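The active site feature in Swiss-Prot is assigned to Glu150. Per Swiss-Prot, the feature Fe cation binding site maps to Cys101, His149, His153; the stated evidence is sequence analysis.
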Amino acid sequence: MKIVTTDSENKAVLYKVASEVEIPLTKTTKEKIEAMRIFYKSFQGKAGFAVPQVGLSERIILVEQHLFDTTMAEETDEPTILVNPSWRPISDKKEWDIEGCLSVPGKVGVVERYVHVELTAWLYHSDTEALSKIKREYHREYSSVLWQHEIDHLEGKIYVDKAKLLLNEKDFYSFRQQLIESGKIQSGMALFDLGPLIYDIVVKGEIPS
């Protein structure tokens, strides 16, 4: 199992609307989920991935637990596994966010996303192989964007198609560090604050004072 990128031979799966997963889960689906859970734990530096990103056109995503349960104090390598997830905006407020993607290595983009969303899904419990229906609201920057990004994958969409601005990852982080060292921005600045700022600097040439 490996991540499918936009340069992979089987990249077509990234642009296909994923199939709804049968509930209750079949034995085959549970075996696939277990294989993906093990794969998820094998690499670092991820917020999560949607199943089409590993070559399967099914509506399942795996994400870091602390992004699903924002009250968690510590991180774990066990993913939260969501089946047939969907989201909807619960306010009209949008902000520019900076995003990257395992399927588009070496790039980051500025994308407009809703700030406040409601997530609905079946939560899979790997220890018991049971499902429970969940509905949660998210108002934090990273989590609210995550659901939009990952569920886009289930709709055959990749963030670069929505990006207002696309940059090389190395150039972005180098530029960000220059801005920090010059005192133009703060190192802990939220992405919803950094996104529009980077856009203004690169596109409009407006350097913050």
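Just so you know, glycine gets a Cβ as well, placed from its N, Cα and C.
For His149 (Fe cation binding site), other Cβ atoms within 10 Å of its Cβ number 23.
For the pair Glu150 (active site) and Cys101 (Fe cation binding site), the Cα-Cα distance reads 10 Å. Its own atom aside, the Cβ of His153 (Fe cation binding site) has 24 Cβ atoms within 10 angstroms in the protein chains shown. Annotated Fe cation site Cys101, His149, His153; additional same-chain residues within 8 Å of its Cβ mean position, judged by their own Cβ, are Phe49, Ala50, Gln53, Glu99, Leu102, Ser103, Glu150, Asp152, Ile158, Tyr159. Taking the Cβ of Glu150 (active site) as centre and 10 Å as the limit, one finds 25 other Cβ atoms among all the protein chains shown.
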